[in-house]
Amino acid sequence: MSEKASFRSNGGVRGWLGRQPVWVRWLVILVAAVAAYMLPYIGDVPVIGPQIVTEGIDWPSALFNMSYYVLLALGLNVVVGYAGLLDLGYVGFFAVGAYGTALLTSPDSILYEDTGWKWLMAVPAALILTMIAGVILGWPTLRLRGDYLAIVTLGFAEIIRIVATSTDVLRGDRGFASIPHPPGSWGGEPIFGVTDAIPYFWLGLTVIILVILGVRNLDRSRVGRSWLAIREDEEAAEVMGVRTFKYKLWAFAIGAFIGGLGGVLFAGEQSFINSQTFVLQFSILVLAGVVMGGSGNMAGAILGGVLISYIPDRLRGLSVGDTDLYEYRFALFGAVIIIIMVLRPQGLIPSRRRAMELKDREKEVAPQ
Amino acid sequence: MSEPHKETPEELDRENARPVADPAPTGGPQAEPTPSPVRDEGVLLEVDHVTLRFGGVVALNDVSFSLRKGEIFGLIGPNGAGKTTCFNAMTGVYRPTEGQIRFQGESIVGKKKHQITRGGIARTFQNVRLFPEMTALENVMVGADAHHKTSVISALFRLPRFWREEKSGRARSLELLRFVGIAHRAGDVSRNLSYGEQRRLEIARALATNPTLLCLDEPAAGFNPAEKEDLLQLIRKIRDTGVTVLLIEHDMRLVMGVTDRIVVLEFGKKIAEGTPAEVRDNPSVIAAYLGVPTDAA
């Protein structure tokens, strides 16, 4: 009942925003974007600021962590939320993006003699590689449905991790060091250095905004409708002429691309990756974020991505008595997820199909 | 468009005159509904000695019949007679074990469901199967998208084709919602529509794929007499736009009132074919429906 009510209600922020003229909507979005770019300085805001910033980890770094988690959540939301394909191995694409970058740029790579590219040059190649990985995984497996697909994707992520651990080329635990940072300099100093994480956060945020715009365009088109139709009733969709396989494969490839973006950014910031980075936990965590935030809704996915990254980082360095809360981060985190799921099973910001704006709807009313 | 094939609609002797396949099938999917009924006598769909077995169960046994362009064709029979199985074979859900199904002279056996839809056969489901979280308009637009060519790239960058197809698809979908009489629900999520509205929405969604043949699987199930009467009018209206209608129905009165020709199935076999009047008087049909021996009828 409550789900139905929330579905129809015009209340809340979105209901209000939907009723405003176009310029107000754009203004609100613009203000929100500017505010997001100012987040690294939130600690300077009196009273609230110090409560928000993380203590055990430098705040801009925590923000950067959030940015790639949000990217992953946005990508996974396309696969799970829109197309309804349960993917438990999403970290695999993150890993492919990061390893693609490392192989093309790091001095530890066997390709270094031939490539030794700058970070920016490696980005398109790494992203194409992740999309190919998405198609390779999707082509044989997208005939499966539901739980079976979930198990296969779980296997995929493990294969990537085990290959990374045990092949010489991918260097296992030793990993790849000295992956170059993104380019650019300001007043003689490189923008993307080692000490200051703020530029990385800004870069991540910019990528997120572009991804949001792209996914929104896809969502409000034939592509988005096909995904939703597949999610709602795959057979009916096919009978209505939707090429289900093609659109599922696209969902996988686009999801992989966005996950790869996260990996590329991650490699560029960390400068070092090894096989320990891409554990299965990671996939589960991102999926938990998407479901918790509200599967099928970008705002929900973003919020979920922020939370899964922020909660553990905020707990770092906190202690109650002698116990370090960070040690209990997963327990606390699990408790938070359970509470949210009990109170709001549809997610914090549930998906609500926007009512189509019908300007001349009054005119359409007259039947026949 | 279609060549003048001026046969009188009242042409009788349909009992055993199996129409010969039109050598040059005319008229692809009707682009725009035409106001007057197209009473072309050419064969649109031909079910040719189709047998369908599931393991040891023979669901369809050597069934043959054909649909002519522009008619309303009824497929009836008692429960479990194989109506829906036959229907599913025609729309690509099942593949016949033996026999052929030809649509506009071309075999559709082994084609994918979405290919058959784009080829011009649309259907509704016995149990309504809409996309419940999508609005009524979006549901119809999924159908309209069947003939669209907007790619992922043009949707991503909002290229001209996206705008063009989105605009025309929306206009056409709204027009179809008006046609079936639920335009005022266009912006509502389809699961919030009433049962009758959902049935109508399903028909609108099927029509959006621009079909030459519309297959309705028990569209009147769960309707009261007044709603059934409205539905009959809608079916006639659809036929009048030039779309051939195949109707699977349980309710004999409804079928008798609207169809031009009827095939009766029982236990997977065709037991009668003809005009409603002919079928009504057919002893084996009476036996099948009333369960009395043929000679007692």
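Keep in mind that glycine also has a Cβ here, set from the backbone N, Cα and C atoms.
TrEMBL does not curate its annotations; it predicts them automatically.
Not measured: the values here are computed from a predicted model.
Record features (TrEMBL):
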type	residues	note
TRANSMEM	A:23-42	transmembrane segment
TRANSMEM	A:62-83	transmembrane segment
TRANSMEM	A:90-107	transmembrane segment
TRANSMEM	A:119-139	transmembrane segment
TRANSMEM	A:146-164	transmembrane segment
TRANSMEM	A:197-215	transmembrane segment
TRANSMEM	A:249-268	transmembrane segment
TRANSMEM	A:280-310	transmembrane segment
TRANSMEM	A:330-349	transmembrane segment
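Here the transmembrane segment (A:146-164) has long-range neighbours at 85-92, 95-96, 99, 137, 170, 172, 274-275, 278-280, 283, meaning same-chain residues at least 6 beyond its ends whose C-beta is under 8 angstroms from one of its own.
Same-chain neighbours of the transmembrane segment (A:62-83): 39-40, 53-54, 90, 93-94, 197-198, 200-201, 204-205, 207-208, 211-212, 215, 218-219, 224, 227-228, 230-231, 247-248, 251-252, 254-259, 261-262, 265-266, 269, 286-287, 289-291, 293, 295-298, 300-302, 304-306, 308-310, 313-314, 351, counting only residues six or more beyond its ends whose CB sits under 8 Å from a CB of the stretch. Long-range contacts of the transmembrane segment (A:197-215) within its own chain (CB-CB distance under 8 A, at least 6 residues past either end) are made by residues 33, 36-37, 39-40, 58, 60-61, 63-64, 67-68, 70-71, 74-75, 77-78, 182, 191, 254, 258, 261, 265, 268-269, 298, 302. Highlighted: of the candidate stretches A:23-42, A:90-107, A:280-310, A:90-107 has the greatest count of Cβ pairs under 8 Å to the transmembrane segment (A:249-268). Counting residues 6+ beyond its ends, the transmembrane segment (A:90-107) has Cβ neighbours under 8 Å at 72, 75-76, 79, 115-119, 121-123, 125-127, 129-130, 133-134, 137, 153, 156-157, 159-161, 164, 169-170, 175-180, 255-256, 259-264, 266-268, 273, 277-280, 282-283, 286-287 in the same chain. Packing against the transmembrane segment (A:280-310) from elsewhere in the chain are residues 14, 54, 62, 65-66, 69-74, 76-77, 80-82, 87-92, 94, 154, 157-158, 161, 208, 212, 215-216, 219, 231, 333, 336-337, 340-341, 346-352: each is 6 or more residues past its ends and has a CB under 8 Å from a CB in it.
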